[in-house]
């Protein structure tokens, strides 16, 4: 039974595994389900809208064997062009190879979008299609048109530069004298324009102003500025400078010759016999003493201590730091003279007796220095030159000064040295005459008793010396404001300034000399009135100078926030209120009042010419300053003149 059962199971197994019907030899094995199509490759970059995309290749039919493809013939098969939109048939190609080729990441082309403000690059997949050829053709045409426009703009810029060069022929000729070639480039012009726009755009004070504050008139002024600067001359040009260069020293010498100890009137001249001797004009001790005086002041100006350190206003040559030790210099010079007088070295007597020789030595010294400065100006950087003298007549440039702030070894500023020499020298001459009139020789003896009754007190002389000393001491006390004044910033240092600073101390000396020698006595009420006028002029002059100095150094100071200002195309602002809203030059008005208060001391006498000449020069400086500001600030200065109508005298001028 057991054997029977085993044989029965075996037979049932054989029946279940019986083979089916034979397959057709021409039919392959059919798979149960067609294979899945490969997934599409994901792309990070979005496709451009409206761009036709390529379809994924189709899978081969499972019923089509590989060997069923038609045999290759000698007839060439036409391959579609590269940019043809015809899609490749899925039956062509090599099966898996074509599928792998379609699955590769397509090459992407980088396009830079020039129509937007973005700095990033936009990556767009390269699409091969026929219409793009036409678009590229239009782009090439547009590029050609833009190139033509750029060439036209370049030609216009070159034409404008050529016109500017034609206008500046005289300036180019002047620049050639010191081996300079002016070169106009398109980049420099655009850079200057961008700087001006940036200055107007980011200045918070200018932004707060009305849009009408800036107009096309500013641009017109900028175009005409170069022509005006080239034609601008002062003191009558070359002929006027020759006359002025002779008048300054001759007027001082003539005043000393005209006004002697025995006679000092307009209708007569003193004895001229002593002026026929050469020893009357030149003295070796006087020349050496004057040279020692300037040497000591130069060394003291280079001394890094004794005063406040003040940086000069920014310029093309950089900032220069001044040590404002003018008071220390005055104290040292007075101490030297007092010490020599105390040790019985008659300095005061020598200055009084040899004052004319000191004047001649000072004139010669100033002339020599001005000649050396003129020669030196051809070997200094162009940024240090005076634009109002370079390119003009040679003698005019010598008279006005080709260099603004000549400095020895970058330490000693000659302009401030001569300025201090003028102030300290004039004060020394006044006190020497006062010392001799008071007869203080008894003070040399320490054991002698001091008796004020024995002193020859003259109220008129004392009043004049004290008022004039305050006037001379004021610039030394407020010396830090000197850097923002007209003389320090714009005036060239040539024959004009050197001769004026060298002779004015002796010019003022004729007044005190006349008061002592001719016994001038004024009533007390006149002295009081003159003192009040002097105080008013001093307050006006010093207040306006201090206000301008504070504004130039820090325009955003809270103490100046109440003042009105007028913006200019130079990036600076003009004060239009306070002292500077009263008249355009209040400092010169105060200076004129100070000198008018000194006039009654020498009224109806030749020394009165000192006051008259000083007032005339201050009025002419007002005219010069007004013209220079008009050239510098253009339409901004015109708006300031419309607001502040009078230059120096209200309702008059």
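Cβ from N, Cα, C; glycine included.
Quick look at what TrEMBL annotates:
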COMPBIAS  1-17  compositional bias 'Basic and acidic residues'
REGION    1-142  region 'Disordered'
COMPBIAS  59-76  compositional bias 'Low complexity'
COMPBIAS  80-90  compositional bias 'Basic residues'
COMPBIAS  94-105  compositional bias 'Basic and acidic residues'
TRANSMEM  235-259  transmembrane segment
TRANSMEM  280-300  transmembrane segment
TRANSMEM  320-343  transmembrane segment
TRANSMEM  355-375  transmembrane segment
TRANSMEM  416-435  transmembrane segment
TRANSMEM  456-473  transmembrane segment
TRANSMEM  493-512  transmembrane segment
TRANSMEM  524-545  transmembrane segment
TRANSMEM  592-620  transmembrane segment
*For the transmembrane segment (592-620), which partner among 280-300, 320-343, 355-375, 493-512, 524-545 gives the most CB pairs under 8 Å?*
524-545
*For the transmembrane segment (416-435) and the transmembrane segment (235-259), decide whether they are in contact, meaning at least 3 CB pairs lie under 8 A, counting pairs 6 or more apart in sequence.*
no
*Flag the pair the transmembrane segment (320-343) / the transmembrane segment (355-375) as in contact if three or more Cβ pairs fall under 8 Å (sequence separation 6 or more).*
no
*Using a Cβ distance cut-off of under 8 Å, indicate which of 280-300, 355-375, 493-512, 524-545 has the most pairs with the transmembrane segment (456-473).*
524-545
